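According to TrEMBL, the protein carries these features:
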type     : residues : note
DOMAIN   : 24-299   : domain 'Ribophorin II N-terminal'
DOMAIN   : 307-414  : domain 'Ribophorin II second'
DOMAIN   : 422-545  : domain 'Ribophorin II third'
DOMAIN   : 578-677  : domain 'Ribophorin II C-terminal'
SIGNAL   : 1-23     : signal peptide
TRANSMEM : 589-613  : transmembrane segment
TRANSMEM : 625-645  : transmembrane segment
TRANSMEM : 657-678  : transmembrane segment
Amino acid sequence: MATQVTLVAAFLLLLLILPFSTSISHSHRSAAINLFAPSPASLEDAYEALRVFEIIGFEEKKTHVSGDTCQKVLENLDSASPLKDLFYALKVNAILKCDVNREALKDIASRLKATVHDASTLLDIYYSIGGLVLIKDQDSNVDPYLADADGVFQSIKALSQSDGRWRYSSDNLESSTFAAGLAIEALAGVISLASSEIDQSKVNIVKNDIVKLFDVIEKYDDGTFYFDEKFVGGHEQRGSLAATSSVVRGFTAFAAVTSGEINLPGDKILGLAKFFLGIGTPGDAKDFFNQVESLAFLETNRISIPLILSLPETVYSLTKKGQLKVKVNTVLGSAAPPLTVKLARAFRTGAKDLAIIDSKELWYDQESGFHVLDDFPKNVEMGTYEFVFEILLHDSGSEKVYATGGQIHVPIYVTGFIEVSNAEITVVDSDLGRAQTQKKLDLAGNDAVSLSANHLQKLKFSFQLTTPNGHVFKPHQALLKLRHETKVEHIFVVGNTGKKFEIILDFLGLVEKLFYLSGRYDIELTVGDAVMENSFLRLLGHLDLDLPEAPEKAARPPSPPVDPYSRYGPKEEITHLFRVPEKRPPQNLSLIFLGLIFLPIIGFLVGLLRLGVNLKNFPGSTVPATFGILFHVGIAGVLLLYVLFWLKLDLFTTLKAFGLLGAILMFVGHRILSHLALTSAKLKSA
């Protein structure tokens with residue numbers, strides 16, 4: 001148990017080194033290479049790979065995907081292709097700039113316009129409108145504009161619900177958050193394709209729908225916002241990441257093609273960015289695409305661009321006296337506008353009213369791009385703290401462009417190297433309180449003590465823990481373990497008496513707990529804490545303990561624990577001695593026995609000669625002659641099977657073959673014998 005405590009403390013300290021709320025990192029670049037195959041299975045997969053490489057700046061990787069992709073694009077840009085294939089072919093073409101025939105684009109545009117007016121589902125409208133928008137951006141000589149944009153706008157709006165969600169079709173009463181994102185993106189496409197301006201009142205209604213959709217957004221306690229998908233019937237189930245990504249694509253596209261403001265709080269847009277960044281590096285290609293593309297849309301959206309405050313490390317060591325560094329970037333890591341990072345206040349976790357730092361600006365290092373806090377106040381001790389940061393933009397106009405999130409709470413862990421001193425272990429008489437044996441210990445070294453005691457004595461152990469600032473430190477775990485030579489262990493918590501840790505073991509009161517086991521006990525000390533840089537497990541020495549004999553009804557010690565290695569580890573190798581082969585008979589005797597085996601065959605041949613075998617009665621007509629030949633071949637096959645059984649075949653294989661051969665032999669034998677009997681009967685009657 002003590003070993004586990006030390007390992008857990010070390011593991012927690014390792015976790016604390018992880019960065020806080022960072023933007024897109026280098027791990028995304030290596031993950032993109034592994035997740036996206038050079039030869040995508042579909043145009044949808046190809047577009048997602050190309051789009052991700054485009055966003056994260058892997059231009060050289062786009063050439064690997066584009067090998068056969070342009071050929072697939074040209075094959076799918078056919079008026080007979082499904083709408084989804086057309087849509088993704090045009091998306092891929094927008095990135096790769098394949099050599100597409102203008103006439104083919106005109107035919108596709110005509111088909112998509114007709115589909116928009118006749119479509120009955122949201123997906124058909126979405127793919128058709130999206131395809132027309134892509135054609136508009138790729139070839140200015142093709143007419144993608146809608147003659148009845150108001151009617152199309154209204155047909156999409158008719159699928160909306162009062163809570164901001166949308167339905168996939170008029171026949172389906174279920175509403176979906178994912179569908180809402182598709183619908184809002186399609187409406188943005190209709191506005192860009194309208195030959196005349198859409199009625200502003202209709203545009204304002206959609207803006208209100210977006211605000212309603214944000215009213216039902218989900219929230220975590222750390223300020224992270226996301227959309228949950230509650231629609232489960234009739235369509236593929238979408239998760240929170242896909243639903244949130246769909247909404248982000250929708251409202252950013254709508255904001256890009258409309259004038260005026262959409263009244264969305266900046267903290268919610270910042271919360272969406274935190275949601276995508278909080279995922280880390282997804283292990284699925286679709287999730288990776290949704291994360292990266294959504295962050296790209298948030299990076300350039302017209303409503304409010306989120307600024308991310310990040311710390312490369314959330315651990316400050318009092319021993320190393322380093323610096324606390326803070327960086328502010330956009331979600332994709334671009335530079336932020338001129339700003340100041342202010343540490344509004346800092347307090348120990350669980351003590352909000354006792355601020356250790358109050359209103360301090362961090363100085364900006366232009367070379368590294370970090371905002372730095374050089375020195376911690378002297379009253380900061382080891383432990384967990386909460387730092388509250390504020391981002392102050394220098395330009396007042398930037399406040400309408402960027403979302404900073406107000407006060408940002410960051411957990412900070414202050415660690416240090418603990419000095420262990422004044423360690424002393426003593427054996428004391430119970431009645432007089434006089435020390436029989438007293439020894440000093442250097443817990444930083446490797447020295448061990450050898451002690452002896454009986455049930456009328458006590459064991460007293462004490463030590464002090466001091467922080468780098470000279471204050472008393474109280475760790476989460478301070479345990480003393482006694483391990484008997486029979487592997488029976490007893491663990492005791494070392495208490496704190498103010499300035500030192502101390503434990504007194506009265507063996508007279510512990511005889512039952514120790515199961516009256518006399519003998520040698522190893523003494524181990526474990527001290528561990530998440531913020532302690534030198535948690536340790538140390539053998540102090542051993543104690544020879546003399547206890548009275550156990551009464552009849554005393555509890556027996558538990559069975560010693562089974563070593564897992566002995567139970568599940570490799571077993572002892574088994575050596576098997578085979579029986580010595582029996583002595584074979586002489587070779588001459590074996591040859592004589594072989595000759596005796598062949599005697600019946602020789603007798604059979606002699607008998608045939610004596611009887612005067614001939615083929616006069618062999619059938620002359622075709623069918624009986626065929627059965628006769630097959631009958632004799634079958635007999636020869638049985639004899640051959642005997643030979644094969646003697647040489648190589650096992651019994652079961654021989655029986656299977658004999659069963660099949662015997663059935664054939666029985667059938668043809670019955671037919672040929674019936675023919676011979678019939679022929680004999682005719683000769684006798686004649």
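Keep in mind that glycine also has a Cβ here, set from the backbone N, Cα and C atoms.
Sorting the domain 'Ribophorin II third' (422-545) by DSSP state (H, G, I as helix; E, B as strand; all else coil) yields 4 helix, 74 strand, 46 coil. Mapped onto DSSP helix, strand and coil, the domain 'Ribophorin II C-terminal' (578-677) counts 78 helix, 0 strand, 22 coil. On the 0 to 100 pLDDT scale, the domain 'Ribophorin II N-terminal' (24-299) averages 89 in the predicted structure.
Across the domain 'Ribophorin II second' (307-414), DSSP helix (H, G, I), strand (E, B) and coil residues number 5 helix, 61 strand, 42 coil.
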